[in-house]
There are 2 protein chains.
Amino acid sequence: MERNRRKKLNDKLYALRSVVPNITKMDKASIIKDAIDYIKQLQEQEKVMLAEISELDSLKEEKVSSIGDLDFDDLHFMQRKKKRTAQGSSSSAGSPSSPPIEVLELRVSEMGEKTMVVSITCNKKRDTMIKLCEVFESLNLKVLTANITSVSGSLLHTLFIETDEMGSAQVKEKIEAAIADLDSPRSPISSLSF
Amino acid sequence: MERNRRKKLNDKLYALRSVVPNITKMDKASIIKDAIDYIKQLQEQEKVMLAEISELDSLKEEKVSSIGDLDFDDLHFMQRKKKRTAQGSSSSAGSPSSPPIEVLELRVSEMGEKTMVVSITCNKKRDTMIKLCEVFESLNLKVLTANITSVSGSLLHTLFIETDEMGSAQVKEKIEAAIADLDSPRSPISSLSF
DNA sequence: GCCAACACGTGACCC
DNA sequence: TGGGTCACGTGTTGG
């Protein structure tokens with residue numbers, strides 16, 4: 001009986017050896033050692049591949065969203081790929097790697113004939129400042145003066161702009177649209193229009 | 001002596017058990033069995049992941065070759081495809097179609113323990129504001145408050161930043177470098193980024 | 001008392 | 001001859 005048990009155990013061991021490549025020695029102990037090393041190797045490889053996959057996957061996401069509607073994200077891809085120029089702020093709008101901006105409050109009020117005051121409060125995440133600047137620049141409103149204050153996670157923007165023949169409501173709409181566009185860049189065109 | 005051999009073998013076996021999750025029984029034979037199953041599982045997973053990676057990779061390749069490798073036709077194709085390309089002042093930093101920013105004056109002075117005042121004056125061209133914002137954000141200095149005033153072609157930036165363990169000279173250098181980097185995009189890809 | 005799993009000592013075999 | 005490995009039979013423990 002003991003003979004049978006040993007046989008089974010040996011069979012298992014041979015089976016183990018059969019699934020492990022790079023067998024150095026038929027040595028019983030070496031078989032197990034090789035198996036251990038192999039497992040560790042596989043586990044590390046798994047980690048690496050997993051990381052790579054998720055990376056490529058996120059890249060793919062960008063693509064997919066752009067492919068149907070065309071390639072805006074290719075820009076990011078290119079920029080990111082070239083990179084090696086320091087981690088620079090991932091540049092412009094819509095980049096999925098930078099968090100969406102969260103607008104807490106948006107007020108637009110007329111001040112005089114052609115000037116109005118825009119007041120935006122939002123949570124300060126990475127690149128928020130850039131995005132807001134892009135928004136203003138993309139709308140190419142004439143910015144007379146702007147004030148940015150970041151306090152404890154919030155970013156307060158106050159700017160005096162000059163517009164011709166536009167109501168405050170209209171401006172507000174535009175700004176809202178531009179910001180929304182930034183977060184979900186469904187339309188590559190407007191996103192490209194900076 | 002034989003005792004020692006057996007001990008070593010057992011140690012190997014326990015080591016094997018330690019690298020294998022999902023151990024059902026401490027049973028010697030079961031350890032090997034579980035190890036075998038685990039290895040097979042890992043191997044299959046490896047195949048799957050490898051396939052997935054190569055798939056994603058090929059997708060990436062497409063993009064890279066079509067863009068990173070200077071494929072003008074593709075660029076044109078893209079532009080034409082999306083037609084109505086919008087007059088857009090092109091995207092963010094380093095874009096050749098937006099004029100370089102011209103810094104007229106740059107002053108950095110320490111205000112207190114960790115805060116300093118950065119004062120930048122430059123000609124206001126298109127996208128200047130964005131670029132400046134990117135510069136600050138890329139240096140990720142903590143911006144306490146910032147004031148932007150544009151008057152007759154000039155753009156006055158004054159910001160209070162918080163730094164730790166950096167002299168004003170150092171900060172100034174950094175800012176200058178970042179701006180220079182912005183103007184002379186060393187990477188050819190950025191030239192292609194519309 | 002049976003079965004299973006284990007550790008142990010021993011003889012056989014091979015560089 | 002000795003260091004290394006192996007298979008075998010046996011004693012012991014625990015379910």
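Just so you know, the numbers here start at 1 and follow the chain as drawn.
Here the Cβ of each residue, glycine as well, is placed from N, Cα and C on the backbone.
Just so you know, TrEMBL annotations are computer predictions that nobody has curated.
Listed as Cβ neighbours of the domain 'BHLH' (A:1-42) (distance under 8 Å, sequence separation of 6 or more from its ends, same chain) is no residue at all: none. Annotation source TrEMBL lists domain 'BHLH' at A:1-42.
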Stretch-averaged pLDDT - the domain 'BHLH' (A:1-42): 89
